[in-house]
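The block underneath contains the structure these notes are about, expressed in C-alpha cells.
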Amino acid sequence: MKKYIDLLRVKHYIKNVLVFIPLFFGGVIFEKTLFLNACLGFIAFSAISSAIYILNDYRDIDKDRLHPKKRNRPLASGLISKKAATLLFLACLSIAVLMSVAVGDYRAFLLLLLYFMLNLLYSMGLKNKPIVDVVILASGFVIRVFYGGVITNVVISKWLYLVVMVGSLYMGLGKRRNELRTQSDTRDVLKHYNESFLDKNMYVCFALVNVFYALWSLEMPNPGMIWTFPFFLVLLMCYSLNVEGNSDGDPVEVIIHDKLLIGIIVSYAVCIFLLLYVFGE
C-alpha cells in the first residue's frame with residue numbers, strides 16, 4: 001500500500017485544501033451544497049495531481065534510476081510495474097473528469113484541463129526555462145483557488161487573487177533557492193539562477209504579499225479582519241525561516257515538518273473562523 005501512496009504523492013493533497021479558500025473566506029462554509037461541491041473539487045484536484053505525478057515518474061523512469069534519491073521511487077525502483085502505473089494514471093484521470101462533471105460547471109472542467117496542460121508542458125520542457133518554471137508552479141496554486149471559486153459560486157476578491165499569486169511565487173522562488181543552495185536536485189534550470197537573484201525577488205514577493213493581504217482584509221465586510229494581519233505576518237516569517245534554513249524549500253515538506261508553523265496556521269484559521277462565523281453574524 002505504501003508504494004502506491006508514494007506514487008500518488010498523497011501527502012501533497014494538502015495543496016488542494018486551497019479549493020476550500022473561497023468557500024471559507026466567503027462565509028458560506030456551512031452551505032451543504034457548496035461544501036459538497038468543494039469536496040468534489042478537492043477529490044478532482046487530488047486525482048489530477050496524482051495523474052500528473054505518475055506521468056512524470058513514467059517519463060523520467062530511466063533518469064530517476066541514476067539519481068541517488070529518486071531511484072527509490074516506486075516506478076524507478078521497480079516496486080510498481082509500468083502497466084500498473086498506466087492503469088492507475090487512467091483511473092486518476094477518469095476520477096478527476098467525473099468529479100468535475102459532477103459539479104456541473106464547464107468552467108471547472110476547463111480549469112482542470114488548463115492545470116493538466118500547464119503541468120504537461122512543464123514536464124515536456126518548460127521546467128528548464130528560468131522564470132517560466134516558477135510561474136507555472138505558482139499558477140497551480142492560483143488555479144486551485146479559482147477552481148474553488150467557480151464550483152462554489154464565490155467571487156474571488158482581486159486582493160485575495162494577488163495574495164495567492166504573489167505568495168505562490170514566493171514559495172516557488174524559495175523552492176528553487178534551496179535546491180540551488182543544497183544542490184539537492186539536478187534540475188537543468190538551476191544553472192540559470194543564483195542566490196542573489198532569488199533572494200531579491202523573494203523579498204519583493206514577501207513585502208508585496210503582506211501589503212496585498214492588508215488591503216484585502218480592509219476590503220472585507222468584517223472590520224475585524226485587519227486584526228488577523230499579525231497572524232499572517234508571523235506565519236510568513238516562520239515559513240521564511242524554514243525556507244532560508246535547512247529545509248528543501250518544498251511547501252508541503254516545510255509545513256508538515258514544522259510543528260510551530262502548523263500551530264500558527266491552525267491559530268490563524270481559528271481566528272478567521274471566529275471572526276466570520278461567530279462574531280461576524
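Heads up, the Cβ atoms here are built off N, Cα and C, so glycines get one too.
Those TrEMBL annotations? Automatic predictions, nothing curated.
Within the set 12-29, 156-173, the record from TrEMBL flags 12-29 under the feature transmembrane segment.
Contact between the transmembrane segment (12-29) and the transmembrane segment (131-150) is supported: at least 3 Cβ pairs lie under 8 Å, counting only residues 6 or more apart in sequence. Counting Cβ pairs closer than 8 Å to the transmembrane segment (75-100), the top stretch among 35-55, 106-124, 131-150, 201-218, 224-241 is 35-55.
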